[in-house]
Amino acid sequence: MSSKANWKPPRAIRGGIPICFPQFGNLGSLEQHGFARNRMWSLDSDPSPLPPANNQSSVDLILKSTEEDLKIWPRCFELRLRVTLSAGRLTLIPRVRNTDNKAFSFMFTLCNYFSVSDISEVRVEGLETLDYFDNLNNRQRFTEQADAITFDGEFERVYLSTPTKIAIIDHEKKRTFELWKDGMPDAVVWNPWDKKAKALQDLGDEDYQSMLCVDSAVIETPIILKPFEEWKGRQEISTVSSSYCSGQLDPRKVLYGFH
């Protein structure tokens, strides 16, 4: 969480996992990142076709298009989210259903704000050799050349056709976040660094040092839904203890598990 997060609707909350729908960034005619992250959601009493969450560690939420939404994005939809907590794991299952009489397309992003000890001691593995759009360079397309992503300045890239698993390795805490995702082929990696942090009203000046966003996303190729069709994604975040080998992590163990 940002130390200056604004909790008053309809502003988005800086931290946690904001949900960007039906647009990412400024890639469309809507407000930045769409309107879903600025809305009040409701408890969903009928999450079918998912089975009911008959336990105290899950919640089903729903966001339906309102008259206000239809004025700026004239498409009827239902956006559902199941959130499940289990030992060492957070699972999110987002679903979008087209309740309109015509097809529509959308982008979708789960913006994961990870808490880290020191951004300069963090590395991200699983995105090497992939193509990405560099948002700090007019969205030009490049290919990642580094063995792992490390941070020494402002960073904002959209990685394409990413694997189902990405590892965020925090050397100082000897902890690794494992991000598993399905149905969301892209991944956004963002840190504002010092100048941008000072320019963001709802982010503390020093907060950039202890945060990193690694997002599960559908951006390059938006989802197209025909009437009454439904899209479903899935994301799991878990933590594992990092093991050191000659001062470095063994990337094979990070990416393929500790056996």
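Using the three backbone atoms N, Cα and C, a Cβ is placed for every residue, glycine included.
Here is what TrEMBL records for this protein:
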- Arg14, Gln32, Arg37: substrate binding site (BINDING)
Ask   = Relative to the mean position of the Cβ atoms of Arg14, Gln32, Arg37, the recorded substrate site, which additional same-chain residues have Cβ within 8 Å?
value = Arg11, Ala12, Ile13, Pro18, Cys20, His33, Asn38, Cys111
Task = For the substrate site as recorded (Arg14, Gln32, Arg37), determine the largest distance between any two Cα atoms, in Å, rounded to the nearest integer.
result = 14
Key: Nonlocal neighbours by CB distance (under 8 Å) for Arg14 (substrate binding site), same chain, sequence gap 6 or more   = Met1, Ser2, Lys4, Ala5, Asn6, Tyr113, Leu200, Asp202, Leu203
Request  = Using all protein chains in view, find how many other C-beta atoms are within 10 Å of the C-beta of Gln32 (substrate binding site).
outcome  = 13
